[in-house]
Every structure is written in C-alpha cells, then in structure tokens.
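Heads up: the structure comes next, in structure tokens.
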C-alpha cells in the first residue's frame, strides 16, 4: 500500500445519488425494508434447515451456505448505506472502505461458485439418482463448500490488493453507494488499462465459466426430467430446479452486466442500480424464491412453528 494513499485519503465520500436528494427517502425505505426481509428470510432458512432432520441433505446444506453468505453480503454494505443516506457527510473511513471492498468482493465471488455447486448437486440428484448418496456424501459436500469460500476469499485478496495499490493522488469522491472495484478504479490518476484487463479475465473465470457449466448441467437435467413418467415427479423436479435457475439468472445476469460490459460514462447511474440489485434485492429475493416454491421448506417451517407453540403450552 502506498504511503501517499493512506496519508491523503483518510476517508472516502460515497456520492451515491446525492445529486438527486429527492431519491434519498424512497431509497432509505427500500434499503431498510429489503435488509429486514433479508435478515428474517435467510435466518429462517438457516434455522429450519438445521433444526429439521428431514432437511439434513446436501441440497439444504448448500442452501444454508447461500443464506449465510447473503446475510453477510448485505450486512457488509446496507448499514453503511442507511447511515450515509441519513447523514449530510456521506463518508466512510479508509479502513471501512477496504473492509467493505474485501468482504463484498469475497462473498460475491463465493456465491458465483456456490451457485455452480448447487446446480451440480441438482444434476447428480436428477440425472444420477442411484449414485447420489455415493457422490454427494457429507465429506464431499464440506469439501465443495470449503472450496467455494476459499476461492472467493483468495480472489478477493488478490483483486483488492491490486485495486488499493493504485495511486489516488488525493481523489476521494467515490461515485457509488459502496466501495466497489469499478468505482475505486475511476479515482486513480494513472492508466488502469492493465488492471481492468486482469479484472475482466478474472470476471470471466468467476462468472462466464460457472454460468456456462450451470446451463450445460440444466440441459441434461431437462432431458432427464422429460423422461420421468410421473407428472408429479416432473413437477417436483422442475419446481426444485426452477427456484435455483431463477436465482442464477438474477445473480449472474446483473453481475455479468456490471463486470463484463465496456465502461461507459453514460451508464454510471445504471451501474449503481445494477449493483444495488445484485447486492441488496437478490439476497432478499433468494429466501422468498426457495420457500414459496418449495413444499419441503414450507412444511419444515410449519413443523418448527408448531413445535415452538406446543413447547410454550
């Protein structure tokens, strides 16, 4: 880390939509409601998956990891956003910006691989049902989950270090809601072509490769489901996989738009809204998508509520 950067930029100003003050109240309400729903929905999935023995399967193990990830993902950004909206000085400390950049990037990259692992789990369950328990045993599930988390955090160390080493020359006004790589690179007073090329390559690895493998696995899944003779069996398989596919489209679609499109000064506000979508809205929608379309989770939640009510009598 250069000494100049640390000495000059003790804090960053997060501009967000400060040039449109009329948006602040609606955004505050949206952020607050989304955050509360995210906390409640993901905590519910974690508790139900852990407390109900019928959900002690690989699918719900990975779903628990996704819920924990989404909890941390939103908590790394939303509280600071709410504080800044209510404040006239929309600042974040240098250390806070570094922490936010590292955690947000690490969890985002982890989710890229975790969604790929979840699609692999569905592929094995539907296309290789007789070998499912042999392939997706507990140790392998732990290994796959650990690989996702380690890969995400390792990449974040690398990319965060590259970004924070760029000289800022006193610039500290970040045209964004949060400390994210594209916004921070715009502060640099040197040519960022090399680091942007490296970031593009890594984005291809973490975004395009997993989403390609997911689409291939779902092509095999659709073929396998269409061969199921039972209409109920087909409906259950499509319901389970449909939930995951919706999450994949929401997350990868917005992330690919943000990180793999050429930079354009006319699309900066659009980029902010896209970041808000995959950073706030998607984590809020994930629990709704998985619970509303999943009879097992709804049944487990009812059993948990019944157990709590009976224990108080």
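A Cβ is built for glycine as well, from the same backbone N, Cα and C atoms used for every other residue.
As annotated by TrEMBL, transmembrane segment applies to 25-48 (among others).
The domain 'G-protein coupled receptors family 1 profile' feature in TrEMBL is assigned to 41-290.
Residues 31, 34-35, 38-39, 41-43, 45-46, 49-50, 99-100, 103-104, 107-108, 110-111, 114-115, 117-118, 121, 141, 144-145, 148, 177-178, 279-280, 282-284, 286-287, 290 of the same chain lie 6+ residues outside the transmembrane segment (60-78) yet bring a C-beta within less than 8 angstroms of a C-beta in it. Per TrEMBL, transmembrane segment is recorded for 60-78 (among others).
Annotated transmembrane segment per TrEMBL: 98-120 (among others), in sequence order.
The annotation transmembrane segment is assigned in TrEMBL to 141-158 (among others).
What TrEMBL lists as transmembrane segment is 200-226 (among others). Taking Cβ pairs closer than 8 Å, the transmembrane segment (200-226) reaches residues 109, 112-113, 115-116, 119-120, 122-123, 126-127, 155, 158-159, 234, 237-238, 241, 245, 248, 252, 255-256, 259-260 in its own chain, all 6 or more past its ends.
Sequence-distant contacts of the transmembrane segment (238-260) (same chain, at least 6 residues past either end, Cβ-Cβ under 8 Å): 59, 108, 111-112, 115, 118-119, 122, 126, 182, 199-200, 203-204, 207-208, 210-211, 214, 218, 221, 225, 271, 274-275, 277-278, 281-282, 285-286, 289-290, 293-295. Among the features that TrEMBL reports, transmembrane segment is placed at 238-260 (among others).
As annotated by TrEMBL, transmembrane segment applies to 272-292 (among others).
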Problem set entry | Integer average pLDDT (0 to 100) for the domain 'G-protein coupled receptors family 1 profile' (41-290) | 86
